[in-house]
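Colleague: The transmembrane segment annotation in TrEMBL covers 12-32, 38-60, 67-84, 90-109, 160-182, 216-235. Here TrEMBL flags 27-233 as domain 'Sugar phosphate transporter'. Under the heading region 'Disordered', TrEMBL lists 246-270.
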Amino acid sequence: MKFFEHKPLDQKTVTGFGILNGISIGLLNLSLGFNSVGFYQMTKLAIIPCTVLLETLFLAKRFSRSIQIALLVLLLGVGIATVTDVQLNALGSVLSLLAVITTCVAQIMTNTIQKKHKVSSTQLLYQSCPYQSGTLLISGPFLDWFLTNQNVFAFKYTTQVLAFIIISCLISVSVNFSTFLVIGKTSPVTYQVLGHLKTCLVLAFGYILLHDPFDWRNILGILVALIGMVLYSYFCTRESQKKVSEEATQPLQAGEGESDPLMGVENGSGGVVTDAVAQKAPVWKSNKDLHA
């Protein structure tokens with residue numbers, strides 16, 4: 001349909017990336033299944049600090065103190081609004097830890113692969129989704145049976161159930177497009193900030209449309225989280241503008257530096273004089289009279 005151009009990528013990179021994405025999705029779902037909702041929310045909150053740590057250690061990326069404070073305010077607000085009952089268990093904790101690590105690495109790879117290989121979000125999604133879906137198709141039913149003693153194929157699939165599955169898949173496709181697009185154009189940390197905005201909107205719409213219980217703690221948490229998001233956006237915009245202005249001044253400085261040797265020659269301080277500008281000294285020729 002000519003919406004995008006197919007661009008082949010290194011097969012090893014795409015395969016590993018697709019499998020890792022599938023594993024991270026499965027682990028997040030398992031973490032939700034084997035933990036309380038409060039502990040699962042804490043798991044999602046841990047993704048931002050983990051991403052910042054990994055990018056700092058392995059990609060030498062630096063986060064200013066202002067951005068760190070903004071992220072801290074954001075996490076504090078989301079924690080106040082969402083984290084309620086926190087119940088720990090060994091299996092759930094291990095699954096949550098693996099989910100955080102794989103999700104962080106997958107999102108960092110989403111950003112680095114697009115920039116390194118100069119591919120769009122659609123091109124990367126097109127290349128990696130077969131491996132991602134294949135990983136879940138092979139491992140999903142087995143893990144369901146192993147952990148819950150229930151067979152997904154033994155479920156009675158009615159027309160209504162199949163319709164909701166199809167709708168869920170269509171929504172998931174749009175989520176994948178937006179995820180790859182946002183991470184490719186911004187960064188994994190910015191995508192997580194956007195995800196926490198979604199959490200606040202879910203709470204607000206749940207109260208407005210579904211009349212879910214809402215107390216002062218939810219309101220306070222959402223307000224604090226919004227303050228953190230505004231601060232993060234402001235500091236990111238300010239730093240990008242500062243970076244652009246610094247890059248714009250570098251060519252001017254380089255041009256001035258290149259003119260220094262010429263200025264030195266004109267002032268008599270240069271030690272090298274080219275043949276084109278040097279005066280040629282008279283040379284005695286012994287056969288001058290002969291030529292005359």
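Our numbering is plain: 1 for the first residue shown, then up by one each step along the chain.
Glycine too: its Cβ is placed from the backbone N, Cα and C atoms.
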Colleague: Kindly say whether the transmembrane segment (216-235) and the transmembrane segment (67-84) touch, using the definition of 3 or more Cβ pairs under 8 Å where each pair is 6 or more positions apart.
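Modeller: They do touch: at least three Cβ pairs between the two stretches lie under 8 Å.
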Colleague: Which bits of the chain, at least 6 residues beyond where the transmembrane segment (90-109) starts or stops, bring a Cβ under 8 A of a Cβ in it?
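Modeller: Distal contacts: 17, 20-21, 23-24, 27-28, 30-31, 34-35, 39-40, 43, 46-47, 50-51, 54-55, 59, 183, 188, 191-192.
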Colleague: Using a Cβ-Cβ cut-off of under 8 Å, list the residues of the same chain that are 6+ residues beyond the ends of the transmembrane segment (12-32) and lie near it.
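Modeller: Residues 40, 43, 92, 95-96, 98-99, 102-103, 105-106, 109-110, 113, 117, 124, 127-136, 139-140, 143, 147.
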Colleague: Take every residue in the domain 'Sugar phosphate transporter' (27-233), average their pLDDT values, and give the whole-number result.
Modeller: 89
